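Listed features, source Swiss-Prot:
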TRANSIT   1-63  transit peptide
DOMAIN    77-198  domain 'MsrB'
BINDING   Cys116, Cys119, Cys162, Cys165  Zn(2+) binding site
DISULFID  Cys134-Cys187  disulfide bond
ACT_SITE  Cys187  active site, nucleophile
Amino acid sequence: MAFNIITPGRVYSATSLTFVSTIKAAFVKPPLASPSRRNLLRFSSSPLSFPSLRRGFHGGRIVAMGSSAPESVNKPEEEWRAILSPEQFRILRQKGTEYPGTGEYNKVFDDGIYCCAGCGTPLYKSTTKFDSGCGWPAFFDGLPGAITRTPDPDGRRIEITCAACGGHLGHVFKGEGFPTPTDERHCVNSISLKFTPENPTL
């Protein structure tokens, strides 16, 4: 195939110009897409999604909390007796109850996370705590997977325990008419909890 050289000052027909333009387009490579444009094309077919993270405060540091049950903490009762105070052991391990109105966290409504006093597992967010007037800390919901519910042998109440170590927290009551999203009251012993403020004082 022969090609004519276009020179200035010469008049060409529309057919000749069209032919030359077609040949030029066939041999000129289009510019490569920039990296940012390639990324846009790659991900534009489906929306981006990111896994949601739950965060809590545990031992002065932020920890992620998923929806699955926490890792089990198994200790012999002799070891629990050695690391807990006598009153903590009586309530957490022997399912006792503190006197109403005497608990450290009954009237505390600061922002933060309530963890198990035995093993440190995050249990409740402060945003779920409310004043029920019952004399014990009250929450309308626990963190996902953190609380185990077990009916008492008499069937009249439902015990709540730490899902990680089995420490006794208290009982949960439903249908009492409190204006909460769940209509539940987790009645928890203060001594079963350890509160970590969201913004601890330096």
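Cβ coordinates are placed from backbone N, Cα and C, and glycine is handled just like the others.
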As a whole number of Å, the Cα atom of Cys119 (Zn(2+) binding site) is distant from the Cα atom of Cys134 (disulfide bond) by 26
Apart from the site residues Cys116, Cys119, Cys162, Cys165, the 8 Å Cβ neighbourhood of the Zn(2+) centroid comprises Val73, Leu92, Ala117, Gly118, Gly120, Thr121, Leu123, Ala163, Ala164, Gly166, Gly167
Residues near Cys165 (Zn(2+) binding site) by Cβ (under 8 Å) yet at least 6 apart in sequence within the same chain, in sequence order, are Ser72, Val73, Asn74, Lys75, Cys116, Gly118, Cys119, Thr121
Least surrounded, by Cβ count within 10 Å, of the recorded positions Cys116, Cys119, Cys134, Cys162, Cys187 is Cys134
Averaging the pLDDT values of the domain 'MsrB' (77-198) gives 97
DSSP says Cys116 (Zn(2+) binding site), in three-state terms, is strand
Cα-Cα, Cys134 (disulfide bond) versus Cys162 (Zn(2+) binding site), nearest Å, comes out at 21
DSSP puts the residues of the domain 'MsrB' (77-198) at 21 helix, 40 strand, 61 coil
Cys162 (Zn(2+) binding site) sits from Cys187 (disulfide bond) (Cα to Cα, rounded, in Å) at a distance of 13
